[in-house]
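Per Swiss-Prot, the features are as follows:
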- 171-245: domain 'Toprim' (DOMAIN)
- GLU177, ASP219: Mg(2+) 1 binding site (BINDING)
- ASP219, ASP221: Mg(2+) 2 binding site (BINDING)
Amino acid sequence: MMIEIGTTKYVIYAKVIVDGYVEKHDIIGAIFGQTEGLLGSDLDLRDLQKSGRIGRIDVELENINGKSYAKLIFPSSLDRVETAIIAATIETLDRVGPCIATIKVLNIEDIRIKKRQYITDRAKELLKSIVDTTIDTYEIAEEIKEFVRSEEIIEMGNEKLPSGPNVEDSDTIIIVEGRADVLNLLRCGIKNAIAVGGTSIPESIIELSKKKTTTIFTDGDRGGELILKEAIQTCDIDYVARAPKGREVEELTKKEVVKYLRSKIPIEQYIQFHSNKCNELLKKSKEYRSNTINNNNDSGKISIDSIISENATNDIGELPVSKTSKNERNNTKVIDENIEKNNQNIKEDNNIEIKQSDISEILKKDCSEQWEYIESLLNDISNTDNIKIITNDNIIKTIHYSELDKIDKSDIQMVMSDMPITQKITDLFHECSPIIIGRDINITKKPAKLKVFSHDMLKNMVCL
């Protein structure tokens with residue numbers, strides 16, 4: 001049964017059993033008749049109903065086997081004390097007409113609790129609808145930024161390559177694979193990226209690489225490897241950066257983009273890391289670029305696959321750690337032209353400055369055992385960025401390449417590495433005189449007291 005809530009505060013529920021057949025109006029008449037004058041004029045049911053403080057009394061009646069059963073509903077706008085008094089008064093009813101009757105109050109319901117519950121539930125629904133339809137301020141800002149970034153992408157060259165707005169004016173460029181990569185770098189605030197837009201290197205990028213310092217930043221998959229190989233072959237690449245294996249540049253976060261670009265390495269060091277034929281590659285690559293410029297044809301084109309083996313040292317996505325400065329980059333270019341001469345000069349210097357006994361004293365090994373011992377130490381750090389050092393107390397330590405500038409260099413007798421010895425490493429030890437051993441020697445000048453050896457040079461000397 002539905003009741004009008006209106007100003008109702010409480011609802012009294014009661015049941016009536018009458019020993020005889022009666023109608024609804026008989027029950028209502030008995031209630032008003034038997035309670036009249038019982039509580040005085042203040043709580044008289046007729047007066048309360050006239051004033052609206054007691055609502056319309058609803059009766060649900062059933063007549064079964066000569067008896068009458070009814071449910072009563074009393075809406076009340078009185079306070080809880082007066083409502084309780086009215087409920088108790090109703091229970092004094094003992095007859096309906098000529099029939100014996102009993103009445104029992106079942107419950108007094110506080111309507112305000114239901115109202116509060118309704119308010120709570122409805123407020124939740126309304127709030128949820130507001131939250132679902134509200135656009136977050138961050139989303140608005142990102143949407144606007146995304147639009148601006150997409151507007152910032154320009155088209156360069158006859159091939160209309162997607163690129164950042166600063167490619168023409170910047171001294172450096174970053175070559176990436178596709179438009180999405182350029183867009184992601186724009187999100188990171190990098191505006192000098194240009195996309196290849198396919199698996200072959202466009203002529204516009206080849207020309208740009210001749211004029212600007214060029215970094216190639218490729219995905220960590222097979223496609224990125226192929227583009228990198230062709231770029232090394234056709235462009236004047238200065239640095240190499242790669243996304244982690246199985247990742248793409250377009251999905252990297254800003255922190256990751258900055259991290260991998262900072263970890264870029266010079267092209268010479270990259271090729272040396274992945275092939276023992278690095279000098280041949282550099283020479284042929286340089287000849288190719290020279291022939292392309294002079295003859296404007298493909299007669300000088302070489303196959304990069306024939307120079308960098310598919311099974312080179314590690315996966316091609318793995319790069320040695322390097323934080324090479326611009327000055328060191330310039331020095332590395334000089335090595336291309338003078339590496340054989342420098343290696344010869346360094347070899348002659350070292351033969352004068354170091355004796356067989358120096359190595360024996362450090363390693364505590366006989367001449368016949370020295371190279372095997374050195375080789376075992378080098379095998380421990382093979383294909384890693386780690387370095388072995390031997391202190392003045394003949395303690396052997398393994399450290400990461402990046403920690404070299406943090407250690408006490410005056411306490412070092414020998415440094416062993418599976419990587420090429422660069423100018424940066426020798427500069428770190430310019431005030432000391434340890435023996436430095438590396439796979440190759442890529443330096444243009446050496447401090448007078450420093451003893452620098454490649455693996456082959458040392459092997460030949462200790463095995464004499």
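The first residue you see is number 1, and the count goes up from there.
Glycine residues also receive a Cβ, built from the backbone N, Cα and C atoms like all the rest.
Sparsest Cβ environment among the binding-site residues GLU177, ASP219, ASP221 (other Cβ atoms counted within 10 Å): ASP221. Taking H, G and I as helix, E and B as strand and the rest as coil, DSSP gives the domain 'Toprim' (171-245) the counts 31 helix, 18 strand, 26 coil.
The average pLDDT computed over the domain 'Toprim' (171-245) stands at 89. GLU177 (Mg(2+) 1 binding site) sits 12 Å from ASP221 (Mg(2+) 2 binding site), counting Cα to Cα.
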